[in-house]
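Structure, as structure tokens:
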């Protein structure tokens, strides 16, 4: 076979592979969105892990929810990237799940993880890409590293209510770049459902106005007219519960600043 014929033959083979979708494992469509149906039923999923073996996942201890320092309390590195029906375009940020595995190295005891990041690997209807610490925590004592050597395996999961120790209240972080005409806030440490489906803002002497979900757990308000502080925030959880953080953002608010509320679900 001449060189030109060889090139044509190779090109034909490559085209057939691409057309037939033969590159890589088959894609699995995502399952239905996980809701606040706390019925205790365990569901099947795939588990992987990333980052440092005993780390919180991302090297910057952050993630697609916008939450930072997930290696520190109250998350303590027990975090996970959820695939689309778990992450839900950011509306799953902060939700909590129990996970357990049944390998010989597994303890069989459930481990609770917080959703702080996303993954779009189409390997299963439900997929948890766990921090190394959370993955290893499913093991029997002393077998953490051996369990992590699997890299990927089947597990069971169920959604649970989020619980924070020590009377932790909801916290708001006014994001960098915020100004009187653009206000962006990260909300974190939400108990019970853990996630928020609606965030509303009330200026001084005004009515409630809905904010827009910007990305992850960050909500924003854009307005041509300067916002007048102090700002109250009303949160609605996935199950419809509401709390109001009255005047939580003060008159002299600043961007890139944390404001603690005195409310919790």
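Count begins at 1; order follows the chain as displayed.
Glycine is treated like the rest: Cβ placed from N, Cα and C.
As recorded in Swiss-Prot:
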DISULFID  65-93  disulfide bond
DISULFID  96-162  disulfide bond
DISULFID  101-106  disulfide bond
DOMAIN    62-167  domain 'Expansin-like EG45'
DOMAIN    181-261  domain 'Expansin-like CBD'
CARBOHYD  33  N-linked glycosylation site
REGION    123-142  region 'Immunodominant T cell epitope'
REGION    150-169  region 'Subdominant T cell epitope'
REGION    177-196  region 'Immunodominant T cell epitope'
REGION    213-232  region 'Subdominant T cell epitope'
REGION    240-259  region 'Immunodominant T cell epitope'
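Features as recorded by Swiss-Prot, highlighted on the structure.
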residue: 33; record: N-linked glycosylation site; Cβ neighbours (10 Å): 13
residue: 65; record: disulfide bond; Cβ neighbours (10 Å): 27
residue: 93; record: disulfide bond; Cβ neighbours (10 Å): 31
residue: 96; record: disulfide bond; Cβ neighbours (10 Å): 21
residue: 101; record: disulfide bond; Cβ neighbours (10 Å): 20
residue: 106; record: disulfide bond; Cβ neighbours (10 Å): 17
residue: 162; record: disulfide bond; Cβ neighbours (10 Å): 21
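The DSSP breakdown of the region 'Subdominant T cell epitope' (150-169) into helical (H, G, I), extended (E, B) and coil residues amounts to 0 helix, 10 strand, 10 coil. Counting in whole angstrom, residue 106 (disulfide bond) lies 29 from residue 65 (disulfide bond) by their C-alpha atoms. The list of residues near the region 'Subdominant T cell epitope' (150-169) in space but at least 6 beyond its ends in sequence, with Cβ under 8 angstroms from a Cβ of it, reads 34-38, 40-49, 74, 94-103, 112, 114, 123, 126, 128, 138, 189-194, 260-264.
With respect to their backbone Cα atoms, residue 93 (disulfide bond) and residue 162 (disulfide bond) stand 12 Å from each other. Within its own chain, the region 'Immunodominant T cell epitope' (240-259) is flanked in space by residues 170-179, 185, 192-193, 229-234, 265, which lie at least six positions past its ends and keep a Cβ under 8 Å from the stretch.
When the Cα of residue 33 (N-linked glycosylation site) is compared against those of the disulfide-bonded residues 65, 96, 162, the shortest separation belongs to 96. In the three-state DSSP assignment, the secondary structure recorded for residue 106 (disulfide bond) is strand. Comparing the Cα of residue 65 (disulfide bond) with the Cα of every entry in 96, 101, 162, these being the disulfide-bonded residues, the smallest distance points to 96. Here the Cα atom of residue 162 (disulfide bond) is found 21 Å from that of residue 101 (disulfide bond).
Broken down with DSSP, the region 'Immunodominant T cell epitope' (123-142) shows 5 helix, 6 strand, 9 coil.
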